[in-house]
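These notes concern the structure reproduced below.
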Amino acid sequence: MSAIPNASNTSASTSFDAHRPLTLADINDPSTKHVIVGMSGGVDSSVSAVLLQQAGFMVEGLFMKNWEEDDGTEYCTAMDDLADAQAVCDKIGIKLHTANFAMEYWDRVFEHFLAEYKAGRTPNPDILCNKEIKFKAFLDYALTLGADYIATGHYTRRSVNYKNNDGIEVAQLLRGLDNNKDQSYFLHAVGGDKLAKTLFPVGELKKPVVRQIAEEHDLITANKKDSTGICFIGERRFKDFLQQYLPAQKGDIVTDDGITIGTHDGLMYYTLGQRGGIGIGGVKDRPEEPWFVLAKDLDNNRLIVGQGHEHAMMLSNELQAYKLDWVDVLPPADIFSEDGLRCMAKSRYRQPDQACTVFANNENGSEVRVVFDEPQRAVTPGQSAVFYIDEVCLGGGVIASIDAPCGI
């Protein structure tokens, strides 16, 4: 495995084998291994079940219901998704279990989601859902059913198992081979000890190939549209959903030089860098250029806006992150050094890798300071900063704050 210039070894980098991608062929005696696939009713989990079955594993499926809502509403697709999952399992001849994790989801994911928005931050519930539900509640339940592994349809990979410096058997999280679909960003908070019990059958495939396999097996999900957005919101407007749970307080929209030019509907509805949906028309004595959200003034309930895609108030050189989850379970040793850990980072999904240096802010590595080589645009508190060396995802944490904006 090649290293980026000046990249340092981490506690997870115990050997080359620790980074070698695991394939289904690496697992001995698959006919004796019981795998339960998280069946979402989509094409990716459907094909995952097919690939595991073809590789000789004992395969069963499990459909999770994580959100309680009237199944007859236009927004809830749970019944249709369950029907599709059942149809796929019937087609390939495997059993489908069902489990309701709605209580766990509310307690561990949704309440945090609401608290973050109330505090003016922009959370990513999918990351917490993976950590707390799909790779904790689901994994624990599957183990009670006698599973040796769980499997999901995520476009990511993991390494062969190895023991970290504390003797815990773990696996590394690796990027999926389809760069356009790689989901390692969303799985960075899943511990390596959980990954060691997980298989990602489609992680080495590209999406068109996955759909082709589904078509070849005449699966009902072959041409099913990919789900997008936050799972419990569905296709409804985000603002309509959120106002059911959090009362909104209108306030002033203020320019970067202090001029009030409008009224916002509630700070929680806006995110840094946002362009559309602000509700600003033509402004006297201002150029006909787009307006962007630059900041939220929580104390005064003001939305700060300005013009210019690269406005100085949207650019920052550093961020502070907390609630760090390290895939290796142990933090990389170099974050405690004077020079820090050289690596790449993403502060949002699909962002190109950004070179940076990571320094620990406390003794256990659960809080860090990240210094970027180049200024970053619209780094958003509540989102996650995720760290990589080559194809290996080291982990990440929640963005707490950024430094003083560049040039201000």
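Numbering starts at 1 and runs along the chain as displayed.
Each Cβ is built from the backbone N, Cα and C atoms, and glycine gets one as well.
Take the ATP site that Swiss-Prot assigns to GLY38, MET39, SER40, GLY41, GLY42, VAL43, ASP44, SER45, MET64: the candidate from GLY146, GLY153, GLY167 listed for it is GLY153. When the recorded positions GLY38, SER40, ASP44, MET64, CYS129 are ranked by how far their Cα is from the Cα of GLN383 (site 'Interaction with tRNA'), CYS129 comes first. Here the CA atom of ASP44 (ATP binding site) lies 7 Å from the CA atom of HIS154 (site 'Interaction with tRNA'). Comparing the binding-site residues GLY38, GLY42 on other C-beta atoms within 10 angstroms of each C-beta gives the minimum for GLY42. Annotated pair CYS129 (active site, nucleophile) and MET64 (ATP binding site), C-alpha to C-alpha distance, rounded: 12 Å. The C-beta environment of ASP44 (ATP binding site), restricted to residues of the same chain at least 6 apart in sequence and closer than 8 Å, consists of GLY153, HIS154, TYR155, VAL202, VAL210.
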